[in-house]
Structures are given as structure tokens and as C-alpha cells.
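Student: I have a structure here, written as C-alpha cells, and I will follow up with some questions on it.
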């Protein structure tokens with residue numbers, strides 16, 4: 001069987017969908033790590049990456065089943081949805097890579113002001129930090145947090161060596177966004193390959209089927 005034949009297309013599409021499943025799991029895992037340790041839950045980019053990873057995982061399973069059984073309907077919807085996933089993943093990945101530290105700080109400031117004191121206290125205790133950002137933009141908020149929220153928590157205040165929560169979150173956020181953006185952007189282009197393979201494989205005849213049957 002030549003490489004352009006039915007079996008080769010089937011094996012290539014199955015292998016590509018296995019890779020998509022692994023990429024989907026990787027995106028979900030890295031985004032969840034960044035959400036847990038790097039960024040508070042209100043930042044939408046991390047949620048967007050998790051959603052893209054979840055949908056990529058689902059469509060990869062559909063594509064894998066469709067490729068194994070040469071199912072015309074499943075392959076058709078696979079092509080359409082995979083192309084839409086490519087558009088979303090490409091946009092989200094570019095957003096992750098393009099977000100600089102100033103934009104991250106503004107996003108953190110707007111999110112921090114919406115959080116309740118209990119949530120702030122839990123975050124400070126978990127990260128062993130106090131306040132958001134001790135800079136010109138967040139000085140007023142930092143002073144309020146220092147005297148109202150950091151009275152008993154976190155333990156670092158007893159040691160008189162507290163980092164701000166914003167500094168710690170931005171460190172993890174930058175790492176998570178770079179990983180997410182790079183991985184997502186690289187594999188978004190392979191999704192175009194998946195669409196092309198699906199179109200090609202869908203229009204090929206199964207040699208084991210009735211030769212006189214239509215596609």
C-alpha cells in the first residue's frame with residue numbers, strides 16, 4: 001500500500017488524533033496548574049485554554065472513532081469542529097504570548113478589587129504573601145491589605161519578610177502563559193493538517209468495502 005492510499009491516510013489520521021488527545025490533556029493540566037498556583041480564578045485566558053483543551057480532547061476522540069470506522073458523518077463534523085477549534089486555539093495562544101507584565105498587573109488589580117476579604121485571606125495564607133502589589137499603582141490597596149488582612153496571616157509577617165501576592169502570582173503566571181501560548185500555537189497548525197487529512201481520507205474508498213458502492 002502506497003503512502004497516499006487508504007490505509008496510510010487512516011493510520012496518519014488515527015496517530016494525529018492520539019497526539020491531539022495528549023495535547024488536550026497537556027493544555028488542561030498546565031492551565032489548571034497555572035490557575036491553581038499562578039493566577040486567581042477570574043482571569044479568563046486560563047479558563048479559555050482549559051476550554052480549548054477540553055474541546056480538543058472531545059473532538060480528537062470523535063475523530064479517532066470516525067477514522068477507525070471510516071464514518072462519513074463523524075468525519076464531516078470532525079473537520080468542521082476541528083477548524084473552529086483551530087481558530088479559537090490560535091487566538092487564545094497569541095493572547096497568552098502577547099500579554100506583557102503591565103497588562104498582567106492591570107488584570108490582577110481589577111480582579112483583586114472584586115475578591116472578597118475571605119478569598120484574599122485564603123490566598124495570602126496559601127501563598128504565604130501579603131497584599132497584591134507594593135507599587136505606585138497599587139500602593140493604596142496594599143496599605144489597606146497590610147493593616148486589615150495581614151494581621152494574623154500569613155506566617156511570613158511574623159518573620160518580617162513578606163513578598164506581595166502579586167509578585168508571586170505574576171511569576172507563575174508568566175511561566176504558565178509562555179508554556180500555554182507556545183504549546184497551543186505550535187499544535188494549532190497541526191490541526192490544519194488534521195482537517196486536510198480528514199477531507200482526503202473521507203473521499204477515499206475503503207478497499208474492503210463493496211467496490212461498486214459509492215462513497
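A Cβ is built for glycine as well, from the same backbone N, Cα and C atoms used for every other residue.
Curation does not apply to TrEMBL; its annotations are automatic.
Since we're looking at a predicted model, the values are computed, not measured.
If you look up TrEMBL, you'll see 130-150 marked as disulfide bond. The transmembrane segment annotation in TrEMBL covers 12-33, 45-68, 75-100, 179-199.
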Student: Report, as a single number, how many Cβ atoms besides its own are within 10 Å of the Cβ of residue 130 (disulfide bond).
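Tutor: Its Cβ has 22 other Cβ atoms within 10 Å.
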Student: Please figure out which one of 12-33, 45-68, 179-199 racks up the most CB pairs under 8 Å against the transmembrane segment (75-100).
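Tutor: It is 179-199 that shares the most Cβ pairs under 8 Å with the transmembrane segment (75-100).
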